[in-house]
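Student: The structure's right below; bear with me while I get my questions together.
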Amino acid sequence: MKNTLKLIFFILLLFALFVSLRMFIDVAFYSDVIGIKDVSILGIISILFTVSAFLIGCVIFLENRHPSKTLTWLIVLGIFPVFGFFAYLLFGQNFRRKRMFQKKALLDEQAFLQYKGHEDYEERILRNHKHQELLFRLADRLGALNISFQTETRTLTNGDETFRAILNGLKRAKHHIHMEYYIVRDDKLGTEIKDILIQKSKEGVVVRFLYDAVGSFKLSKSYIEELNDAGVEMIPFFPVRFPILNDKINYRNHRKIVVIDGNEGFVGGLNIGDEYLGKNKYFGFWRDTHLYLRGEAVQSLQLIFLQDWFYMTGEAVLAPEYLQAKAVEGDHWGGVQLVAGGPDNKWETIKHLYFAMIASARKSIWIATPYFIPDDDILSALKVAALAGIDVRLLMPSKPDKRTVFYASRSYFPELLDAGVKIYEYEKGFLHSKIVIVDSDLASIGTANMDMRSFHLNFEVNAFLYDTDSIRKLVQDFKDDLEESSEIHGDHFHKRRLHRRIVESTYRLLSPLL
């Protein structure tokens, strides 16, 4: 019944647009013929958008979204019907979302069930992490792949170390290279990677490359054509030709994945571009974190890429050599688990796992993120943890790359500070790491920010680490970052100027749309 009503309102919306357009044409070109005098064209246009905004509001109301999102959209549509109309067409449509991702979700579920291992790892995990039992069981129920204890992980700090490792890995490739990125730049670093991929393709290595069509919209056609001409399969993720008529613009692939010969992998916060090496004048030093994997868990990263590849191309890569990662010998590596999140998931997978991590904390919760727009669940969990005496620290950049998100993020500071959360702003450059560390023996590193876009709209991928050496490196890096940061104190922050508070509150009101 509810879907039928949505469809009726959607048809009425199209009908209103058609009738109003016809009225506009009649008044603009045939007013003398039909005998209409002193008719305001702008008035008719205003009626058009007002009626359309009203119908859109009805659709949003019936979708039963989160109350804050529903209220925000209704306010925007009510006060600014013209702006709200176009904003909804660009960013708000939820009508086709379920149908859009139904096929992908089914394929993902089938593939995960086919390749998910059956190793009985539960006893080993709970022996050393009994208080995190909720997290393990939740990850399993949400469809995360098995934890691997035969995978080497290494934390890569910043662009120089990360891209040196990636470039060397690409040069070692013998069978295949799979890459998936949100942003690819046609600059010095991008050219260096392109040249290696072309050379590897000439050597007979299979190269597949997914790039997000919106994140990489500045990428030149010549860059893509040169790779394709050399035999590299470079495919855009969700290309958008008519943004206003296509709600795919709102669902972006924010993942950063590299898989080499099915046995080495990289995942983390760094895109491909010189700015991520600290060569942008505005940002200066770029602080970011990536993760290197070798061994069993790379199969999970491979599977995530292959599902995205199939969704975009229809090519099912099923050859066994793509999913036979070699386990690294030894029992001292700790555990690693790859988790994919996205609008195609039934559950908000990464958000739920973040929540479980926070809830499992006994001593400390350390978070580094460039964007902080939490929903009520995450916000409450952090405040409750801090009020309970847990050491909760939030590290963010001191300069904005997106002013709307920057100021919306700061609007949450007062209540966090009042609860006892320690907040720091990184001053050496721009902080882009996406890190959560709990009790120094559990961590998440990946592409997901601590914001609603990563939780609800973007395709993301995170690695969850359990008692690995790479966590100890993350802890030390976090401590080093605090040395380059300034702490925000509540008594001082509460005294900020009125106009700054107004800006922050305004952007927070719009945060469900950001």
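Every residue gets a Cβ built from N, Cα and C, even glycine.
Copying in the features that Swiss-Prot gives for the protein in this structure:
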type     : residues : note
TRANSMEM : 7-27     : transmembrane segment
TRANSMEM : 41-61    : transmembrane segment
TRANSMEM : 71-91    : transmembrane segment
DOMAIN   : 249-276  : domain 'PLD phosphodiesterase 1'
ACT_SITE : His254   : active site
ACT_SITE : Lys256   : active site
ACT_SITE : Asp261   : active site
DOMAIN   : 427-454  : domain 'PLD phosphodiesterase 2'
ACT_SITE : His432   : active site
ACT_SITE : Lys434   : active site
ACT_SITE : Asp439   : active site
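So that I understand the layout, could you describe where these features sit and how close they are to other parts?
Tutor: Residue counts for the domain 'PLD phosphodiesterase 1' (249-276) under DSSP, helix first, then strand, then coil, are 5 helix, 11 strand, 12 coil.
Other Cβ atoms within 10 Å of the Cβ of His254 (active site), summed over all protein chains shown, number 26.
Here the Cβ of Lys256 (active site) has 23 other Cβ atoms within 10 Å, regardless of which shown protein chain they belong to.
Of all Cβ atoms in the shown protein chains, 21 besides its own fall within 10 Å of the Cβ of Asp261 (active site).
Averaged across the domain 'PLD phosphodiesterase 2' (427-454), pLDDT in this predicted model comes to 96.
Its Cβ taken as reference, His432 (active site) is surrounded by 26 other Cβ atoms within 10 Å in the chains shown.
Note on Lys434 (active site): other Cβ atoms within 10 Å of its Cβ, all shown chains, come to 25.
Under the DSSP three-state reduction, Asp439 (active site) is assigned to coil, being neither helix nor strand.
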Student: Could you say whether, by DSSP, His432 (active site) belongs to a helix, a strand or a coil region?
Tutor: coil
Student: Distance check, please: Cα of Asp439 (active site) against Cα of His432 (active site), rounded to an integer number of angstrom.
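Tutor: Given the Cα positions, Asp439 (active site) is 22 Å from His432 (active site).
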